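Q: The transmembrane segment annotation in TrEMBL covers B:16-37, B:44-64, B:70-89, B:101-122, B:142-162, B:191-213, B:219-237, B:244-268, B:274-296.
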């Protein structure tokens, strides 16, 4: 048993040390796996803001993950074909520059989250779960039936997008970018949780009625958290698309939403580093069990069931002392 | 667009709608009585379809296949309720979502393991093959008409069960006050298992019936289950009547939208663009319907609580 703060430092260090060591040893595949962990963890960090801090059980975060992915795919495919995105009323061209793509991804995630949030936050509890799931599915079917950007086949990007001063085709450099963004998001979430907004959000999760009686609007707090959460997950979507150099409607599918939620829960809901360790364990299981059996998700299902029924507080809850009150 | 085609599409929409109702009825019953959100309802649909395809393959009898789908799904439902679901009633919705998501993984991969990744085929029985001529010179597949009949019979049967039988009284009592009915000496855990198995059997029946017009494969249940969620949100959680109205509304809207929207857009734009915009919009239509209902009535058409 160690303090959660020390465990967090340890996780950050291991996630950095493993790919660097692998890179020095020439094991490129391990670097790619670590990049997947960092990117998926970032998606989980986004969800954790809504789920852990805000108590909003969203089963539709694939919508934001996919929105970020398609923001990258659409911009890069236009840059690839030299066709402007829009000529009227003003000229918008595609781009291969990561910072611009990230901003667009964040904006599209935030806008989607605002639209979905305004509608679904009118309800709560089980309605909210069903509605976010349904809206996620709407994005999925839209992506399939809109052929301009690949429809069901998705979009391929031939060369990974660039970042000023870095060679993103080098796996370790791309990993460094994703890792840095993950750390920035984690620091941001830690700051949010400690801020007056974060405290109010925590209070809304525990008792919306009491928060309302002190003059704060639970709806506005939840909506803000939901939008921030969607924006972070969308950024992860753009990175995920860049990692694979491919976007497809699968990013929008309900399984994606479920998996992002699994990262958060495996690690521990409301724990800052929960999604990081959850994503790491998920990728390791996928890698190892996937090598043992084609049906590795069967074992994942059994493990997940075990965690939900018997190990509340997730993996971090098993190792770290402090328990976060959740109810 | 001819009148005959339009009527055919309305019938297709009704057929889709009644199957959604059979799915949604089980979900809404389980939520109403036990307060449980069950994501694995789609897996029970899949189990029904696989059981039916297997039995039909062995015996060649469609009625035996339907019986097998009911029995297999009810048995799977009862086992899952006793082993897993029972531990979740007192938990929050997040735990229920995750545990039932884990059940989807287990059921889907387990089925893939047993049956492989290739779809199975379940044939429409000979005595329902071919069209039936309806008044007005409309030829409509007899099997789809039979599905509509079965769906309406299920609706009627459920109404009779809930409104007219002792079990129905207990279910209604369980919906309004769980502690009180347990205190009155009703074996609540047996009631829960029964209700869950009933919902599961309905899902299995829907899977088998739809399996004969589509292919029977792993993952067939989840899209239908998500649509059943849309139905429940529109109809109001826990309301069987709401589920019936909403599922017919969703079925007809989805089917007619897919046919009419491209035609409607063709009036104002080029045919190729109209096809594009129309079909993209049609794929979103029921979700837009759900959004509108949410704005107007956040707790659904017949929902009592939010």
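The backbone N, Cα and C atoms fix where each Cβ goes, and this holds for glycine too.
Keep in mind the model is a prediction, meaning the values are calculated, not measured.
Each of these features: where is it, how hidden is it, and who are its neighbours?
A: Panel annotation: around the transmembrane segment (B:16-37), residues 44-45, 85, 88-89, 93, 96-97, 100, 147-148, 150-152, 154-155, 158, 171, 174-175, 178, 191-192, 195-196, 198-203, 205-206, 209-210, 224-225, 227-229, 231-232, 235, 237-240, 242-244, 246-252, 254-255 of the same chain, lying at least six beyond its termini, place a Cβ under 8 Å from a Cβ of the stretch.
Long-range contacts of the transmembrane segment (B:70-89) within its own chain (CB-CB distance under 8 A, at least 6 residues past either end) are made by residues 34-36, 38, 40, 44-45, 47-48, 50-51, 95-96, 99-100, 103, 189, 192-193, 196-201, 203-205, 207.
Under 8 Å from some Cβ of the transmembrane segment (B:244-268) lie the Cβ atoms of residues 1, 5, 9-10, 12-21, 24-25, 155, 227-228, 230-232, 234-236, 274-275, 277-279, 281-283, 285-286, 289, 300-302, all in the same chain and six or more residues away from its ends.
For the transmembrane segment (B:274-296), the list of distant contacts is 227, 230, 233-234, 249-250, 253-254, 257-258, 261-268: same-chain residues at least six beyond its ends, Cβ to Cβ under 8 Å.
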Q: Between the transmembrane segment (B:219-237) and the stretches B:44-64, B:101-122, B:142-162, B:191-213, work out which stretch tops the count of Cβ pairs under 8 Å.
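A: Result: B:44-64.
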Q: Residues of the same chain, at least six outside the transmembrane segment (B:44-64), with any C-beta under 8 angstroms of its C-beta?
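A: For the transmembrane segment (B:44-64), the nonlocal Cβ contacts are 23, 26, 70-73, 76-77, 107-108, 111, 115, 120-125, 128, 199-201, 203-208, 210-212, 216, 218-221, 224-225.
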